[in-house]
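Student: Got a structure here, written out as structure tokens. Questions coming.
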Amino acid sequence: MVRSRSNSVKKDLKRKVDEPVDVQDEFDVEGLIDEGDSDDEDEAEQEVAQENVTKDKKNTSKTENEEDADDESDSDAELEALIGEEEDLSGSELEDELAYFSDAGDDEVDPSILKHLDDGVRLRSLSRSSDQTDELKDVVEIVPGADGKPRMIKKEIHAVYDSDDSDQEESNTIGNVPLSAYDQMPHIGYDINGKRIMRPATGSALDNLLETIDLPEGWTGLLDKSTGKGLNISKEELELIKRIQKNETTDDASNPYEDLVEWFSSKTEIMPLSAAPEPKRRFIPSKHEAKRVMKMVQAIRQGKLLTKPKEDPDARPNYDVWADNLTDVQDHVMTLRAPKMPPPTHDESYNPPAEYLPTEEEIAEWNALAPSERERNYVPKKYTALRHVPGYSESVRERFERSLDLYLAPRVRKNKLNIDPDSLIPDLPSPKDLMPFPIRCATTYKGHKGKVRAISVDPSGEFLATGGDDGTLRVWEVLTGRELYRCRLVASIDAQDDSVECVQWNPAVPGMLAASAGEHIFLIVPPTLFDFDIENTGREKIEQGWGFAEGGREQQDIDTKGLDDDADSDSDDETGHVKKKSPPAKWITPTAKQQASGIGAIITATKTIKRLAWHRKGDYLVTVAPSAQHRAVAIHQISKHSSQSPFNKSKGIVQDAMFHPFRPHLYVATQRYVRIYDLAKQVMAKKLMPGARWVSSLDIHPRGDNVILSSFDKRLLWHDLDLSDKPYKTLRYHEKAVRHAAFHKGGLPLFCSASDDGNINIFHGTVYDDMMTNPLLVPLKVLKGHDVKSGLGILRVEWHPREAWLFSAAADGTAKLWTT
């Protein structure tokens, strides 16, 4: 019995060994255990193995036919008998049977196993390529074992999002391969052991019809891709689906309607739930609450926390019948509603009164105006009935402009500044305490035809010299306004381009004055005005220069290398010789007629002279010709009849130039900047940046530390040289361009500005000896009296040498004296 059982076990094991051979054509097995055998031995072994496989197939087919023919009852009986026989086996016999089929070792195959397996199956080792070895390293890790032999340990599998966490095992392991790939094959996939899963048999059309009529239990009409059969659901799954559809709980164990258990009932118990003693904090005042209460008390005392006023229940509420609806919700404090459009007026009515209807002249005038200049966008019309009123054509445009107004003009809430207006006004002394200063016109000097452009007072203060567009130079008596001297400097009256631009009395040589007309500068000693000694001194001062020039002495120019760092070195020609610079002006002897009128010398420049100023010693004269480029500024010496240009390169259009009252400095004002040059050190000492667009004139304080500038952009700028290169004060009191500004040279703290608006502004300016105290500027008076002609007002102002008197020259052809 035992031997028959062992034989049956052998057959079963042999059948299990033979099963993988059926699919030998689907696997590529490479390499054998005996790698050193020759090719002939391999071929012989393959032939023997093929014969054994054929025999096994025949035996297997016979066995299967016999098993199919057996009855089910006989199979059950044999199975019970077989189970009983296995239980009767002793332990030693069972161990012998198991040892018979066990391996002899890990590395070698026992030859006895190959001998007993008469089917000729040979064990083969799988030899792997380099690519397969790399893939194997990603899955397993080879480490040395305890016996010193290599041991393969599989790496830990990390669950990711795509990992499957279901408990149901997949019978078909094709993965993501679609079932359509197996349409032409008899199987539909492979199981976990690599065996084919055969396609299930399909019924006929009649069977399918019967299935749709008599639906089996759990029928879904779906196809299971893993088995190819119909997918049916169980009763439990169907019940779960019904619960989900009814929004019920899926767990039968949970009851959402359990009975209420009153853990804490309304009945008062005698014994407490907890017998712990009361904590100390229950009967001691809280320190934190005391701090909060004190903060609230302080806030109430300071008025930050206000209590609600008590409402009188008997008081009757007052309502504003004209106010908006009180039940509306109040807007947020930061909400700003759009301003409402103005209500329509009487002229917008379809039947306005007659006085609101425009005349034909008014309609023509309205049509002639530009749309942006019209007061209203419609013309009032009258209709007999409202049904006759046509559609309003401007409605779309008005809505669009309304939208633009709301979009481009955002509403912003600004906090109101509670500032006392008096605190914004500087604390200045009263003008009455700063007397004297000019307040009225005392004398008017008439006689010029056209604009009066130049004005100057001699150092004695008795005579006034003026020049204008008529080309004449006139000398007036200050007190009486009588004309004492007249000299025509322009040959023809029709010469519109030439006019007397500047007139200046010599501060050191009495009786001598300089006047410019066009490109010429005239040195004049007016006859019959002064006594013989004064007149003779002035003529000798001019004539001694002719003798110096005739002596053949060379003129020594001022070294101007340091005045202009960017000077061009173009004075050398191609041969390397130094070119001799041509003088910026020529000295010409006047004719006999001109000498009879008092002209002692004529200086001819290259361009029109716009400004001239004397040095304090009276020997040097600086002139400005803006269109002469780098020769715009020229310095002329009277005693030597020499002229020189201190600059080799132009740094802007020069507007004015002056000597410092007592230092060897030259102030040059361009359109944007004022440069101060030190003539002794031959360097630029300072550069002022007034910030004006176009500087018109320049004047220096008698103390030499402050400068005022006038500009065409309606500003008067005060510069403190000890403070900064930026303006100390910017005064904007004029409505048009400021033409000229001047300090009082006689020691009075006064200065003024003249503008094209026809006004003269008088200011008080005190300069303190203390360097820590800023100058005090106080506006005093606005003098009005000149007329504006062709957009031009007052062109020039000049202070009296000693008195608080002011002289002005304007475009209306007159000069005026303003006194206290």
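Glycine is no exception: its Cβ is also placed from the backbone N, Cα and C atoms.
The structure displayed is predicted, hence computed values, not measured ones.
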Student: Can you say which of 210-246, 395-431, 617-653, 691-727 is given as region 'Required for interaction with YTM1' in Swiss-Prot?
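Tutor: It is 395-431 that Swiss-Prot annotates as region 'Required for interaction with YTM1'.
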Student: So how many of the residues in the repeat 'WD 2' (495-535) end up helix, strand or coil by DSSP?
Tutor: 4 helix, 16 strand, 21 coil
Student: Restricting to the same chain and to residues at least six past its boundaries, which positions have a Cβ under 8 Å from a Cβ of the repeat 'WD 5' (690-729)?
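Tutor: Beyond its ends, the repeat 'WD 5' (690-729) has Cβ neighbours at 655-658, 660-663, 667, 669-674, 735-743, 745, 747, 751, 753, 755, 761, 765, 767, 771, 774-775, 777.
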Student: Going through 447-486, 495-535, 733-773 one by one, which has the most CB pairs that fall under 8 Å from the repeat 'WD 3' (604-646)?
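Tutor: It is 495-535 that shares the most Cβ pairs under 8 Å with the repeat 'WD 3' (604-646).
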Student: For the repeat 'WD 6' (733-773), what are the same-chain contacts with Cβ under 8 Å, counting residues 6+ beyond its ends?
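Tutor: Contacts of the repeat 'WD 6' (733-773) (Cβ under 8 Å, skipping residues fewer than 6 from its ends): 431, 434, 436-438, 696-697, 699-703, 705-706, 708-716, 718, 722, 779-788, 791-804, 806, 808, 810, 818.
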Student: Can you name the far-off residues of the same chain, 6+ from the ends of the repeat 'WD 2' (495-535), with a Cβ under 8 Å from a Cβ of it?
Tutor: 450-451, 453-460, 463, 465-473, 475, 484-485, 487, 489, 541-542, 585, 597-614, 616-619, 621, 623, 625, 636, 638
Student: Looking only at the repeat 'WD 3' (604-646), how are its residues distributed among DSSP helix, strand and coil?
Tutor: 6 helix, 19 strand, 18 coil
